[in-house]
Amino acid sequence: MNHLLEVTDLRKEYPLQSGLLGAVMGSRRVVHAVNGVSFVLDEGGSLGLAGESGCGKTTTAKLILKLLHPTAGSIRFAGRDVAGLDGSDLLSYRRQAQFIFQNPYEALNPRFTILRSLLEPLIIHEIGRSIAERVERVAGALDRVHLNPPETFFLKYPHQLSGGQLQRVVIARALLVDPVLLVADEPVSMLDVSIRAGVLNLMRDLSRERKLTTLYISHDLALIRYMCSVTAVMYLGTICEIGPTEEVIEHPRHPYTQALVSAVPDPDPTRPRRPVEIADTVPTPFQLPAGCPFADRCPQVMEVCRHLRPLLLPVDGGVRVACHLYPGSTPRAAEGDGAKLEPN
Amino acid sequence: MSSSERAAALPQWTRATSTWRDALLVTWAVARRDRFALAGLVIYGVLLVVALAAPVVAPYNPQDLNYRPDGEVAADEVPSLPHWLGTTNLGRDIFSQVLFGARAALVVGFVAAFGVVVLGTLVGLFAGYYSGWVDTLLMRLADVAFGIPFLPMAIVLVAFLGPSIWNTVLVMILLLWRDTGRVIRAQVLSLRTRSYVEAARVLGASHLRTMFVHIAPNVLPLSFLYGSLAVGWAILTEATISFLGFGDPNVISWGFMLQDAYNSQAMARHAFYWFVPPGLCIMLAVMAGFFIGRGYEELLFPRLRRR
């Protein structure tokens, strides 16, 4: 299988204060929103990025979609560097990579009718020769996301639709340009629980049918387990564990993953639970600890964790973990400055 | 619905998405709910009709001298049937002057407001959307415009460029875009982080397309608010400039009439019929702008609404 998307040591930093005083004092405080993320996504594959709020999941997605520029590192899509795209190359990338937004209530222009919103991608990419042909395509797209009959939605404004209907419209809009990569940022977190399954099933069916490569971003491990074959767990801008979904969730290695998995509610009340307690204070992303970013909250913290950052290295079961509990992760040299994952 | 049926319904669907139609509908919605805004619209409507119909309705040419049957100049006449509001000290018909004054007010008010809205909205869109040095440059320009005392500068510029009504309009556009620009910029700064603007970028919309197709329709109501306020400001400023004697001597405006009345000591002669009507007209026109602005404001910022 080919690597469709290769992310290598991706970094995004935001300067905190850039005023005159800061320049004089020479203090350059930065927020490390994404701090050395690497992964590969195979053509037709599905990757889930899990992690708590503020860990850099959404920033990673926006970097991949070129809504933000990376500070360092590279994103290669079908062999080409995304950050360097412009002009017609960028336009063609825009056709191939699409985004499903977290908040469907904000993802559609409030002053556009649904028809107008859905015509927009066709106008931009000059798809369809006549307006009639474009309207046909829009009708087809609405039909595919089970908004029937499509015509009844044409003249509606976003505020007249429910959240589930809006998210379907957003999905329809993304699929109108026939993308190969679909990135979904918490696609159902703003929706009522009762309609989440419907939207997720729709996304799963559509991406199977069209052989889409998908990247799901969510804090919800159950969702990722349902949708993705590979799972990556992010913590403070880095990936701490990545591997086949079943393996990561059934046998979590990293203490953070263990805590996440134990927090997922179990529908069977008789099954014994073994909650993993972690402290609830997250280090601020501009005062990253020198060693493992999770050291302050880790229940199994060791002396080495305080000053040496573990690398993301393979353990058994096809999983890679960045944790000193697994001997492979401790770099031989005393100085290790970041988790690196070399695609093999 | 079959594809042929859809083809038949096409015009109806495509017509429904006109930004301008949207803005007009909003204006109408404001007027229907708010009595003050409705009053403002009515005043503007009357102003428009009077300005257009002035040559037909006015009994005399406002610049012409009028004569009594005995051949004397009909100067300083009190209101009578032939001269409803009397005549000036040079025998000109005051009522006709009031009617023609509406034309000047309309031209100055609406052209200046249009210019202010267009310039201010463009500046705000570019500054807010691009941020960085574009924003810095445009907003420092706005700071300079804010630092200039408006009326003295307007008088100096008009005196420098020559007393013409178009120069007055130009000066007002050059000095009044600042408020609109600032406010639109702030709004754009908040809108550009909304998902639907990012969605437009992800779909491949260019910067200009994102700005004008996706962001601009959402700031237009705010532009219209500042436009309606600018109409009042412009009329008031033109009156001030004319009253101080820097106006266009060939154009009859309400400010010009006030100056005329003041210079010929109409007040000392208690010729209320001369200086009260143009003053009232200025007041009504300015108030109309603020009434409409107020209605828009309540629509845009619903928290202002009284419960």
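Each position is counted from 1, following the chain as shown.
For all residues, glycine too, the Cβ spot is worked out from N, Cα and C.
Look at TrEMBL and you will find B:102-293 tagged as domain 'ABC transmembrane type-1'.
According to TrEMBL, the feature transmembrane segment maps to B:36-58 (among others).
Distant neighbours of the transmembrane segment (B:104-130): 47-48, 51, 138-139, 141-142, 165, 168-170, 172-173, 176-189, 191-192, 207, 210-212, 215-216, 219-220, 223-224, 226-228, 230-232, 234-235, 238, 251-254, 256, 281-282, 285, 289; these residues of the same chain sit at least 6 beyond its ends, with a Cβ under 8 Å from one of its Cβ atoms. According to TrEMBL, the feature transmembrane segment maps to B:104-130 (among others).
The transmembrane segment annotation in TrEMBL covers B:150-177 (among others).
Annotated transmembrane segment per TrEMBL: B:215-236 (among others), in sequence order.
Sequence annotations record features per position, and here TrEMBL assigns transmembrane segment to B:272-296 (among others). Distant neighbours of the transmembrane segment (B:272-296): 27, 30-31, 33-34, 36-37, 39-41, 43-44, 47, 78-79, 85-86, 88, 94-95, 97-98, 101-102, 105, 109, 221, 224-226, 228-233, 235-236, 239, 254-255, 257-258, 261-262, 266; these residues of the same chain sit at least 6 beyond its ends, with a Cβ under 8 Å from one of its Cβ atoms.
Counted over residue pairs 6 or more apart, the CB atoms of the transmembrane segment (B:150-177) and the transmembrane segment (B:36-58) come under 8 Å in fewer than three pairs, which marks the two as apart.
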